[in-house]
Amino acid sequence: MAEDEVKVPEDMFKDVKFYPVGDLDPKVVQMLKAGKAKEVSYNALATHIIAEDGDNPEVGEAREVFDLPVVKPSWVILSVRCGVRLPENGFSPESGQIFFGVTACLSQVSPDDRNSLWALTTFYGGDCQLSLNKKCTHLIVPEPKGNKYEYAFQRGSIKIVTPDWVLDSVSEKTKKDEALYHPRLIVYEEEEEEEEEEAENEEQESQNGSDEDKYSSKSSPVTSRDGSPVHNRESSPKRSSSDKIKSELMFDDSSDSSPEKQERNLNWTPAEVPQMSTAKRQLHQGAPGSERPDMMAFRSPAVRTLRNITNSADVQQVNRPSNVAHILQTLSASTKSLEQRVNHPQQGHPNAVLFGQVKPLTSEAQHLIQQSHQPHHQQQQQQQNHPIVQLQPQQLLQLQQQQQQITQQVFPQHQFPQVNQQHPFTQLQFPQQQLHPQQQLHRPQQQTIQHFQQQHALQQQLHQLQQQHLQPKPQTLQQNMQQQNLQQPNLQQILQHQQTIQQTPSQQQALQPAIQQQQMLQPNIQQQQTLQSNLQQQTLQPIIQQQQGLQQQNLQQSLQQIQQQMQHLTPQQKQQIQQQQQQMLQKQQLQSQSLQQQQMQTHVLQQQQIQTQALQQQQQIQNQALQQPQQNQVQTHALQQHRLQSQTLQQQHHVQGQTVQQQTHQLQTQTLQQQHQIQTLQIPHQIPAPNQQHQIPPQMLQQQTLQLQQQMQPQIQQPQMQSGVQQQSSLQPQQMQQHKHNLQQVQHQLQQLQQQRMQQRQMALPQQIANQQPPQPHQLHGHDPSVEIPEDFFLLGCVFAIADYPEQMPDKQLLATWKRIIQTHGGTVDAALSSRCTHLLCESQVSSMYAQALKERKRCITAHWLNAVLKKKKMVPPYRALHFPVAFPPGGKPCSQHIISVTGFVDSDRDDLKLMGYLAGAKYTGYLCRSNTVLICKEPSGLKYEKAKEWRIPCVNALWLCDILLGNLEALRQIQHSRYTVFNLQDPLAPSPHLVTDDLLDAWRMPLKVSSEVLMSIRMPLKPKQNEPAVQPKRPRIEDIPPPTKKLSPDQTPHVIFTGFDPLQVQQYIKKLYILGGEVADTAQKCTHLVANKVTRTVKFLTAISVAKHIVTPEWLDESFKSQKFAEEQNYILRDAEAEVLFCFSLEESLKKAHVNPLFKGKYFYITPGICPSLSTMKAIVECAGGKILTKQPSFRKIMEHKQNKRLAEIILISCENDLHLCREYFAGSVDVHNAEFVLTGVLTQALDYESYKFT
């Protein structure tokens, strides 16, 4: 259908006021007008900007300044075709769009995929077409074949990408590198290999059918036409479906099971991998015939995905098929405790596709795998000989068949005889072997790979310990575990480098047979495991909660199956099981009693040695860390808190007996000593905490912790076996509730102790520092609290010296005013810093006088502090960052690149923030625009805050600016730090305590004493006044002046305004004026006479000079009153020779020029909002001189149009230093921008000076 034949719905564009930019098709304008749209000639009045060229300056100006929607003409055409107004954000012509300048040709994709890709590309600024011609910049093709592909491949101007490129670019909101998405990166396998694995994967596919339905919602319409999820494609790399196309599926991050990826995959464009063949995806390592080997070898998306999988992306429980994970957990229940306890990204079993991708392993890798599997093989043999349970032969046979089936599914290419499950640590070694050494050099994950290599060495040591503890006789298991607990400090020292609190692999493998027996025998173990999981969640990190959901679900399913099997047992079998359980308990009790006596004697000797070593190490720590006492206390508390968490875990999983308590005490004490030695030598950078005198010694906290531990042990009533080998009897529901209640009480006591300790210490955590308040009033003092100081003399006893300010003050009269105010309120000012000085007024900490003042314990403050105490009428310690000298030299500008704005602060707080920004060198704007770099918020709300979030402007608290003033220049680079995003602070302008040095506060810790003689000298003159009756001096007041009684004709009635006089004088002049029949002008525009003593650049003078007929002296009114009629003005014209010489003008000549022709007649002014004087003042001055003010910023094109066309009025731009960012476009186009003096001096001299006041 032709565009001119389309009928525009009535009132479709009724609310649209459009401003066309550039040359538009007349048909577009006709459509808009047919829909009742209105065309405006000025963009500030428009609601929509219609432009084809996104680089036009008017487009950026409309978007940045006026925040107007800018759309292409196609928005109008397509809206008319669709019969409804389409959203504007899909038709932006600006170059900031993701696919701006992209013309893509789609080939070899299905109609549904083509529609999706077409919509995404065009919505984000690109164009799509089906024909491949010279206009095309990109060819989107899923596989490297076809005529279009061959044509584009021969021409380097056309970039060839897969559909992944579109989806990933939209997802990450930036155009991705096309080289990573070339279809030739796909490598095909031979047909024979596909046939070999077809049968195995069909079997696995049938078992994973339920998982396909479960996860199919995560696949996108582009990536899955048949509904199969991406992660299932990876778990079965070869599919036997005959309806698949023969392209290859590239690796991408869409299979990443991390929460960020899952959230991204749930968007309306979740697809990240195009629908292509299910051929196995491998790393490209130099395919034959590759014309671009450098690109493919080092930039392959497969490397990126494999890297993510290695770094914990896909090696998780969630990617395992549910039935496989269920049976694996049934067979190896001992791994449950490890999975619940350890928050490690490398959990679960690796996906089967990884084994399909593994190249032949190196000899070193095979040696590591064999070494890690050897002790596990011993465990399996031990498990076969262990009397697990008396099950029926059919059940045992079925269980063995399930084990073999799982082993074949999970390990199709790497099977080991007599191994039913893989060791959890061994599983982590396979993905790491897939990275090529050359690729490691080009990957940012080299550090991660080095971390895996370090784990190899650590695991070899762990396996050596494991071989020592694994014995073929079950009755010696308990003794071996107790010996291992004695060796635990060395093992914990190794595990501390891994930063985990997990059990050793030797403990897990040694406990597997007994734990499996326990799970097969106990009907109530499901409740107990749930209870233990809930208790562990309180002490472990919250991240474990994300993984425990699926783990608990699979575990419950396995336990239910076990219970169903237990129901089929005969009563004789159940009775036999109970008898075996009782016998095991009796044997363990005897062994515990015999070992207890031996360990008691050993413990006494070890305790004495530990105390001796602790004292020595404590003394050594104090000597080594003498310069950092606060850091050692922070580190001590961190160790103690870690020990409390370890005690909680051990109390949940070990027996309550005296033996375990002694071993735990011994183990923790030795671990604490080793950690102290390590951390004393490697003390991290900590912010020193003040108030260190309130720190509790570490030994005292250790005693409190031990006492609490002794109190906790009797409360735990749950029978447990030592070292995790538990043969628990079933607990009644009431006993379990009581047990849970007791544990909660103990944990509550632990939390209270930790909270008390955290309140006493002051660590450099972001939110704690942000909420810390300035030094408390009881610590810092002004005057002696016991002496009452009169409010009028609140500076009594203060002797000031002034530094920095005299050099920076051009007006010496201001400094004299300061001295007069100090003396008026009882203080004195010395010319130089002397011994009797008590205060130093200075701006910066970088001066010799400041250093001397600190050395002599003087109170160093700024003039802003003096202003604050003048308002309070009391000498108080400095309480805001503005009251302390800045940490950089005077005139230093660390924030010179920042343009700040403020929201939520009012009155004095807002004024202080302006001053702080000025001291830091930042530009301040009362408004918020896209050019602002920082928004300082009091609370996260308001229109400015919402706009700042929309425009991605950092929002910080006032603490950010306080830290910069006090020397923490790292805040400039760490503007997104969490300490600066804590809002609603009690005193947001208070300084950070760690930045206010003790030297700066030492003088304020001693109150300033005033001698009684000085106080008596102040109070003596007051006593006579107290005896006399209180006689208040008469305060002159302005009387209500009656209106004029004498009436004159309107032409003869003068309308007068006064400027530069005292209010009482003005009152007398108004009386005389009313008697003579004159009137006081309401506004400057209505005045005929201006009465002034001298030329002053006040608002009244600068406005009246353009409209008043006469500017006269007060003598004119006096003489008129004497003669009872208005005298001739020519004899009383104001003449100010000094001002006329200063500004190079003649007042009389200026008045004549203004009467003949107003200075700004026929001229438009745009004044930026941050101008000084205020915008309202400037508006009044300009309008009195005949000019007009533009409320919206004109575009560059509009200014040039008015400049070139003489018939149009001239547009003059007035701005200030803080608003120059709004004029960047004008500077780029060589348009002059002037400061306020162009207007102020111009109206005074009645001359236009285009050269003297423009910004360069």
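Using N, Cα and C of the backbone, Cβ positions are placed for all residues, glycine too.
Remember, it's a predicted structure, so these values are computed and weren't measured experimentally.
The annotation compositional bias 'Acidic residues' is assigned in Swiss-Prot to 188-205.
The compositional bias 'Polar residues' annotation in Swiss-Prot covers 217-226.
Positions annotated as compositional bias 'Basic and acidic residues' by Swiss-Prot: 231-249.
The annotation compositional bias 'Low complexity' is assigned in Swiss-Prot to 701-773.
Note on the domain 'BRCT 1' (8-93): DSSP counts are 33 helix, 13 strand, 40 coil. Residues or ranges marked as domain 'BRCT 1' by Swiss-Prot: 8-93.
According to Swiss-Prot, the feature domain 'BRCT 2' maps to 94-183, an assignment based on sequence analysis. Per-class residue totals from DSSP over the domain 'BRCT 2' (94-183), listed helix then strand then coil: 35 helix, 13 strand, 42 coil.
Positions annotated as domain 'BRCT 3' by Swiss-Prot: 794-883.
According to Swiss-Prot, the domain 'BRCT 4' annotation covers 890-978, on the basis of sequence analysis.
Positions annotated as domain 'BRCT 5' by Swiss-Prot: 1053-1134. Per DSSP, the secondary structure of the domain 'BRCT 5' (1053-1134) breaks down as 37 helix, 13 strand, 32 coil.
Looking at the domain 'BRCT 6' (1155-1196) alone, the prediction's average pLDDT is 93. The domain 'BRCT 6' annotation in Swiss-Prot covers 1155-1196 and rests on sequence analysis.
As annotated by Swiss-Prot, region 'Disordered' applies to 184-295 (among others).
Annotation source Swiss-Prot lists region 'Disordered' at 366-387 (among others).
Summarising the annotation, Swiss-Prot assigns region 'Disordered' to 701-782 (among others).
The region 'Disordered' annotation in Swiss-Prot covers 1025-1049 (among others).
Here the motif 'Nuclear localization signal' (857-874) has, by DSSP, the following mix of helix, strand and coil residues: 10 helix, 3 strand, 5 coil. For 857-874, the entry in Swiss-Prot reads motif 'Nuclear localization signal'.
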Revision key, fill the gap. Most Cβ pairs under 8 Å to the domain 'BRCT 3' (794-883), of 8-93, 890-978, 1053-1134, goes to 890-978
Revision key, fill the gap. Taking DSSP helix as H, G and I and strand as E and B, the domain 'BRCT 6' (1155-1196) has 13 helix, 7 strand, 22 coil
